[in-house]
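Presented below is the structure to which this report refers.
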Amino acid sequence: MSIYAAPAKINLSLRVLSKRPDGYHEVDLLMARLDLEDELEFTPAPELELVCNDPTLPVDENNLVLRAVREFEKAYGRRVHCRISLTKRIPHGAGLGGGSSDAAATLVALNEMLGTQYDREELAAMAAAIGSDVPFFINPVISRCTGRGEIVTPEPKLADWQSPVVILKPAFGVSTPDAYKRLHDARRVKGLPYGIQKVRGVGLMNDLERPVFAKFPVLGLLKSWLISKPGVRAAMMSGSGSALFALTDTPEQAQQIALQALDEFDPTLFTWQGTVNPAPALPDGESTEAPDESGACTLEPSAPECPRPADESAISAVSAVSDINENAENGASDEKGGASSPSNGSEPPAAEAGATSAEPAEAPDESAAEAPASDEKTPRPKRRGRKPEALRRALADAAALDEEAAALRRELDADLAALHKAGIDPEVRRRGRRPVALSLYLEKQQKLAELEAKRDEAQALADQLERARS
């Protein structure tokens, strides 16, 4: 049995630059690890198997842990068999990099347990094929990450810097692709703080706060609340959210803020306090437990012997990095919460035009083909010409409002589930201050009612114009 830790990260800075031809954005990130960690336990097994203590996370080939195993197998040339038990402590859908860190820890673990001796550059090449921020976790010192996030350069002037930190995360998650889609159209919400904050001479800013705060104003209010607390040196959203962090002067202040957030702001919040850039507990590259002498991982018995090539160019994971599948970036799910969307803020490109649907093609209507021909000529319907502009506009407005209302209903369903999980029933009248999550839910209900009323008006106008046209 071998146990490995997978640390969370925060983005001390996230700047979005130009858009690339491959559909991604160029980014400039400053990332630092936390002492909040997932745990991966590797034990011998006849087949590859992944289990997880969080039932909401997939444990199939879409999970970044199994994708890391498959990427390692490409370089090694043999199948790996073991049981991987994943204990999740890092919340998913938060912008804290939990899934990417799990993938990187898997690569490091297999490299050590199988004695393949791939160096950091080789492991980072495998990591880049899995996701944009996975390479950072191969050696998670404070680093600047550029390109789409996969080019990692340690930041020497911050190598020894540490800070107490508190993490606050609402019950909902944020879609990274949606944040990027809205980046250039979203306006700043008046009264919310967006400016650059300075820590150790480094400017802290997150360009994704603008689109995310516009859609989820409660996150902007939470940031304002954090900045107002004594001892807070800086507060910001991590990645595309929904987690926010505050750097404090002392650990006691971080702990106090976590308690106050649950009492004053929202009892459904995930809270955690710890350290940014903690000192490593063990020398670089060592696991928390020595590998089992019998081997926590085994090789496929029928596979031919394939020793590690001496020539680096022969390692397929290195040579293939420039040709990685563009869809590999977010396969573990952002919105399954997890392990998923790249939490460094880099977004997936649109699906390739040649992609095919997994749904079976609809069978042709056999009855139409077999219908006997009729001697009588079917009269042609009169052509009515193009619909008037006013009618087309009314129909488009009704369809757009209906789509917006449907999306809001899905959000309300997710919010209601989170409220029930926290023991809050929106139907029960409460005395005193409402939890922020409940207030936000009730505001969305009111907005839905207004949207549906506007949709009904637009549809009624379209029906009236259609009747007049007939």
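Even glycines carry a Cβ here, placed using N, Cα and C.
Residues or ranges marked as active site in TrEMBL: LYS9, ASP133. Per TrEMBL, ATP binding site is recorded for PRO91, HIS92, GLY93, ALA94, GLY95, LEU96, GLY97, GLY98, GLY99, SER100, SER101. Look at TrEMBL and you will find 206-261 tagged as domain 'GHMP kinase C-terminal'. The compositional bias 'Low complexity' annotation in TrEMBL covers 345-361.
Of all the binding-site residues listed (GLY93, GLY97, GLY99), GLY99 sits in the most crowded Cβ setting, with the most other Cβ atoms within 10 Å.
With DSSP states grouped into helix (H, G, I), strand (E, B) and coil, the domain 'GHMP kinase C-terminal' (206-261) comes out at 29 helix, 12 strand, 15 coil. Note: the CA-CA distance between SER101 (ATP binding site) and LYS9 (active site) rounds to 9 Å. Looking at ASP133 (active site) and GLY97 (ATP binding site), their Cα atoms lie 8 Å from each other. In the three-state DSSP scheme, GLY99 (ATP binding site) is classed as helix. For the binding-site residues PRO91, GLY95, the greatest number of Cβ atoms within 10 Å around a candidate Cβ is found at GLY95. Each residue contributes its Cα atom, and for GLY99 (ATP binding site) and LYS9 (active site) those atoms are 11 Å apart.
Each of the active-site residues LYS9, ASP133 was scored by the other Cβ atoms within 10 Å of its Cβ; the lowest score goes to LYS9.
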